Amino acid sequence: MDQAELARIFQMFDRNGDGKITKQELNDSLENLGIYIPDKDLVQMIEKIDLNGDGYVDIEEFGGLYQTIMEERDEEEDMREAFNVFDQNRDGFITVEELRSVLASLGLKQGRTLEDCKRMISKVDVDGDGMVNFKEFKQMMKGGGFAALGSNL
């Protein structure tokens, strides 16, 4: 994102145009977007963003916040793409058969048998349905992925 676009977004939050976003301006802007945050949480949010400690969010501080939001969104998109590689029928779950198929196509020795794949899935299957949903997949990927799960089979 270029600086001009960031400045436009900042100006939408900076209602009075004084170059800084107050707690009230942040609250009003978020509410206009349909986001309602309790007052104490808003204070904490500003304290995290407010690097110079003046009690306001200026354009530089806002840029850091916006960058963090965008990076998290990009990571989520990457994670979704990876999940979709395994979720071959696009039903929102990775089954034992789908896992075995993908691992085999990658030429990995982990997961050659259905039993291996069942064990791998059971290590991350929080809800016990025998499949991996997107939330479970994200948790697993943060721990090293399916290959890490298979290393101690």
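Any Cβ shown, glycine's included, is placed from N, Cα and C.
Copied over from Swiss-Prot, here are the features:
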DOMAIN    1-36  domain 'EF-hand 1'
BINDING   Asp14, Asn16, Asp18, Lys20, Glu25  Ca(2+) 1 binding site
DOMAIN    37-72  domain 'EF-hand 2'
DOMAIN    74-109  domain 'EF-hand 3'
BINDING   Asp87, Asn89, Asp91, Glu98  Ca(2+) 3 binding site
DOMAIN    112-147  domain 'EF-hand 4'
BINDING   Asp125, Asp127, Asp129, Met131, Glu136  Ca(2+) 4 binding site
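For the binding-site residues shown (Asp18, Glu25, Asp125), fewest C-beta neighbours within 10 angstroms: Asp18. Looking only at the domain 'EF-hand 2' (37-72), the predicted model's pLDDT averages out at 84. Asp129 (Ca(2+) 4 binding site) carries neither a helix nor a strand DSSP state and counts as coil.
Same-chain residues lying 6+ beyond the ends of the domain 'EF-hand 1' (1-36) with a Cβ under 8 Å from its Cβ atoms: 42-43, 45-46, 54, 56-59, 62-63, 66, 70. A separation of roughly 50 Å, to the nearest angstrom, links the Cα atoms of Asp87 (Ca(2+) 3 binding site) and Asp18 (Ca(2+) 1 binding site). Among the binding-site residues Asn89, Met131, Glu136, the residue whose Cα lies closest in space to that of Asp14 (Ca(2+) 1 binding site) is Glu136. Of the chain residues outside the Ca(2+) 4 site list Asp125, Asp127, Asp129, Met131, Glu136, Phe93, Ile121, Val124, Val126, Gly128, Gly130, Val132, Asn133 have their Cβ within 8 Å of the site's Cβ mean position. On the backbone, the CA of Lys20 (Ca(2+) 1 binding site) and the CA of Asn89 (Ca(2+) 3 binding site) stand 49 Å apart.
The DSSP secondary structure for Asn16 (Ca(2+) 1 binding site) is coil. Least packed by the Cβ count within 10 Å, out of the binding-site residues Asp14, Asp87, Glu98, Asp127, Glu136, is Asp127. Neighbours of the Ca(2+) 1 site: apart from Asp14, Asn16, Asp18, Lys20, Glu25, residues of the same chain with C-beta atoms within 8 angstroms of the site's C-beta centroid are Phe13, Arg15, Gly17, Gly19, Ile21, Thr22, Tyr56.
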